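The following feature annotations were taken from Swiss-Prot:
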type: CARBOHYD; residues: ASN31; note: N-linked glycosylation site
type: CARBOHYD; residues: ASN64; note: N-linked glycosylation site
type: CARBOHYD; residues: ASN122; note: N-linked glycosylation site
type: CARBOHYD; residues: ASN327; note: N-linked glycosylation site
type: CARBOHYD; residues: ASN356; note: N-linked glycosylation site
type: CARBOHYD; residues: ASN369; note: N-linked glycosylation site
type: CARBOHYD; residues: ASN398; note: N-linked glycosylation site
type: CARBOHYD; residues: ASN410; note: N-linked glycosylation site
type: CARBOHYD; residues: ASN430; note: N-linked glycosylation site
type: CARBOHYD; residues: ASN472; note: N-linked glycosylation site
type: CARBOHYD; residues: ASN551; note: N-linked glycosylation site
type: CARBOHYD; residues: ASN561; note: N-linked glycosylation site
type: LIPID; residues: SER637; note: GPI-anchor amidated serine
type: REGION; residues: 26-45; note: region 'Disordered'
type: SIGNAL; residues: 1-26; note: signal peptide
Amino acid sequence: MDSAPNFIPRLLLLSLLIVSIPLTSSQSDANTTNPSPSPPSDSDLCNGVFVSYTHTKGSKIPPNDTANQPYRFESVITVLNHGRDELKSWRVFVKFAHREILVSASNAVLSDGSSLPVSVENGTVFAGYPSSDLKSAIQTAGDVTQMQARVELVGTQFGVAPPNVPLPKNITLATDGWKCPKATQKGTNVLQVCCIPDPDYDNREIIDNEFLPRKDGDLTIMYDVVRSYSSNYMAQVTMENHNPLGRLDNWKLSFDWMRDEFIYTMKGAYPSIVDSSDCVDGPQAKHYQDLDFSNVLSCARRPTVIDLPPTKYNDSTFGLIPFCCRNGTILPRSMDPSKSSSVFQMQVYKMPPDLNISALSPPQNWRINGTLNPDYKCGPPVRVSPSQFVDPSGLPSNRTAFASWQVVCNITQPKDASPRCCVSFSAYFNDSIVPCKTCACGCSSNKAARACSATAPSLLLPQQALLVPFENRTELTVAWAYLKQRPVPNPMPCGDNCGVSINWHLATDYRGGWTARVTVFNWGETDFVDWFTAVQMKNAAPGFEKAYSFNASTIGINGKNNTIFMEGLPGLNYLVAERDGENPLKNPRIPGKQQSVMSFTKKLTPGINVPGGDGFPSKVFFNGEECSLPTILPMRSSQHRKHISVFLLALPVLALLILRA
C-alpha cells in the first residue's frame, strides 16, 4: 500500500516523456525537409514572350592575325511564350556587333532570304522554321516543347578573344504587335528581354481566323497549294507588283527547298537549268524507284525560275496559265494592271517523312531580281488564310486553296551598291552641261588596270557631247575645258559607266510658267520595251501641265503628290539600244533616245525659284531604279552674254573636232 503513491508520479513522468519525444522529432523533420523556396527565374516572371541570347562557347581559329583575328562562336537563342495567346510566326532581331559571319542556325531561317553562310555584322532577323508558331501554356497545359523555340548558332566573329564574350548589342522580338524594352545583360554571357503585347495593336483578326493577316509590300508572292496528294502537290506562285515605281524585266525567282523536294513539271515558267542529276545521285531516286527522272525538270536545292516568251502562252504543255509568258515583265499597275502580275504552276514531289496529304512546307529564302530594276529583299513565307480562285468550270463559285503562304518583298538599296542609271543637268542660262558623276554606276576596283581617275570630278561638257559615247568625248571635253579656262586633271576622270542616262534641261523660265526638256539615252545593248521614267519635284510638281511627246501624269507616293510619271506614247514605247553610226569606221555609235518637252505653270506654285533649284528634280527613276544625280546645278552667271559669245567663237573649233572624230 505504501508503494502506490510513488508509482503514480513515476507513471505520469514516463507518459510525459513519451509524448514529448515525437513532438521534438516532428519539429526537427519539418525544419530539414521544407527549405525556403528558391526565387523564380527571370523567364517565370515574364508574362509575355521571353527572349534570351546565351553565348556557350568560343575558340580561336586560323589564320593567326593579331590585327584581325577570327574566332569561332557558339550561342543559343531561346524564345519562350509565356503569354496568354499563341505566338504566330515568331521573329527575333539580333543586333550583332563584332562583324559576325553566320555559318549555321538550327530551327530558323534568316527573314531577308539570305542563304548561309552570310555576314550579319549589321544585325539580322531570325524567323522560325520549320515550326514558326509557339503555343501558350494555357493551350498546352504548360508543355514547354510546344511553347519554346531554341535556335543554335555557329559562326565566326572578329576581335573578341576568350574568355571575353562577344555578346550582341541588343535582341528583341520582331513580330508585329509586341513591345520590348532594351535587353539586359545577366552575368557575362547572357542577354535577355521580356516583351509584352502592344495595347495599340489590333490582333483580333489573328485570334478569330487563326492566320496572320496579309501584309502590304512593294512586291508580294503568294504560294498556294491548289492540289495535294500524299507524295506530291501542285503549287501556284503569283507575283504582284504594288509599288507605283516598281518594275521587273526578265525576272528571275529563286528559293531553297528545305526537305529534299524536287520539281517534276511546270506551266507558265521554266527552270533556268533543267537538270535531274541531283535526284539520281541522291535519296530521291532511292525512294521513287519507279519514277522516270529523265522527265524531272529540276532537282536543285536552290532552283532559279524564269518566265516564258509570249509564244508559249497558248502552248498546252507549258502555257495556258493566266498572266504568264511575258518574258519576265511585271509593270506598275498605273501603266497596265493586266501586266502587273505574273503566275506559274509547278508540281512538287515530297520526300519522307512528309508523305501524307497534309504535310505541306513552302520553300524558304526567296529572292527575285531583274535587269536594270530595283533590288528586292523578301521575307519568309507566312501562313495566311487560304486563297480563293474563280472556279475554272465557269460556275458562280470560288475554289479554296489547300494552304497558302505569303512572301513580302520590298525595294532596298544594298550597302555599297551602285546605281544603274545617271542624270545630267543643263539650263538655258549656261552653255555647259553638268554631266553624270564620275563612276556614277561603278568603276573597276582594279586601280592598276584603270587609265583614269575614279575620284576626280567629271568635267563640264558642251551640248553636242551628250550624243557622243564617253570613250569618244575626250577631245571635245578637253577643248571645252580649255575654252572655259578650267583645269584638266591628269589622269582624266573615269566615265559614268551607266547603261542609261537622262538629261534634264531647263529650257525656259517666264513670268507665268517654265518648261523643261527630258531626254532619255540608252547606251546598252538591250532594247527597253514599255519603259518609264519618273522625276520627283519637291516644290514644282503641283504646277505640272503636260508632256508633249510622253504620256505623263502626277502620282502620289508615300502620301506626297510630287512625282511625275512618264512613259512612251502608244507606238513609241521602245527605247532602242545603242547602234552603229552611219559610217562605223568613222562615226561614233549612236544611243537610243526618247525626248519630250514638259510645261509647268506658276499659278499653283507662287514663289518657286526655278533656276535656283526648284526647276530640277530631287530624284529621278528609270524603270524603277533610282538614278545617280549630279551634286551641283548649272550656275546662273552675270556674264551669261559673254558666255554666249565665247560659245559662238568656239563653234568652229568644235565642228572641226567633230569632223575629225
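From the backbone N, Cα and C atoms, a Cβ is placed for every residue, glycine too.
Here the structure is a predicted model, which means the values were calculated and not measured.
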Using Cα coordinates, what distance in whole Å links ASN551 (N-linked glycosylation site) and ASN64 (N-linked glycosylation site)?
62
Select the most exposed residue of ASN410, ASN472, ASN561, where exposure means the fewest other Cβ atoms within 10 Å, treating these as the glycosylation sites.
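Selected from the glycosylation sites ASN410, ASN472, ASN561 on minimum Cβ neighbours within 10 Å: ASN561.
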Please name which of the glycosylation sites listed here, ASN356, ASN398, ASN410, ASN472, is nearest in space to ASN327 (N-linked glycosylation site), Cα against Cα.
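Closest by Cα: ASN410.
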Cα-Cα, whole number of Å: ASN64 (N-linked glycosylation site) versus ASN122 (N-linked glycosylation site)?
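On Cα coordinates alone, these residues lie 25 Å apart.
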Can you tell me how far the Cα of ASN410 (N-linked glycosylation site) sits from the Cα of ASN561 (N-linked glycosylation site), in Å?
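The Cα atom of ASN410 (N-linked glycosylation site) is 21 Å away from the Cα atom of ASN561 (N-linked glycosylation site).
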What is the interatomic distance between the Cα atoms of ASN398 (N-linked glycosylation site) and ASN356 (N-linked glycosylation site), given in whole Å?
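Distance (Cα to Cα, whole Å): 25 Å.
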Report the nearest neighbour of ASN122 (N-linked glycosylation site) in space among the glycosylation sites ASN369, ASN472, ASN561, comparing Cα positions.
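Comparing Cα positions, the candidate nearest ASN122 (N-linked glycosylation site) turns out to be ASN369.
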If we check Cα distances from ASN430 (N-linked glycosylation site), which of the glycosylation sites ASN356, ASN369, ASN472, ASN561 wins as closest?
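Its closest listed neighbour, by Cα, is ASN472.
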Once near-sequence residues are set aside, which residues in the chain of ASN369 (N-linked glycosylation site), 6 or more away, have Cβ atoms under 8 Å from its Cβ?
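Correct list: LEU248, TRP251, LYS252, ASP375, TYR376.
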Taking only the Cα atoms, work out how far ASN472 (N-linked glycosylation site) lies from ASN356 (N-linked glycosylation site), in Å, as a whole number.
66
Do you know which of the glycosylation sites ASN122, ASN327, ASN398 has the most other C-beta atoms within 10 angstroms of its C-beta?
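Per the Cβ count, the most surrounded site is ASN327.
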Which whole-number value in Å describes the distance between the Cα atoms of ASN356 (N-linked glycosylation site) and ASN561 (N-linked glycosylation site)?
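ASN561 (N-linked glycosylation site) has its Cα 52 Å from the Cα of ASN356 (N-linked glycosylation site).
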According to DSSP, does ASN356 (N-linked glycosylation site) sit in a helix, a strand, or coil?
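Its secondary structure by DSSP: coil.
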Among all the protein chains here, how many other CB atoms are within 10 A of the CB of ASN430 (N-linked glycosylation site)?
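There are 19 such Cβ atoms around ASN430 (N-linked glycosylation site).
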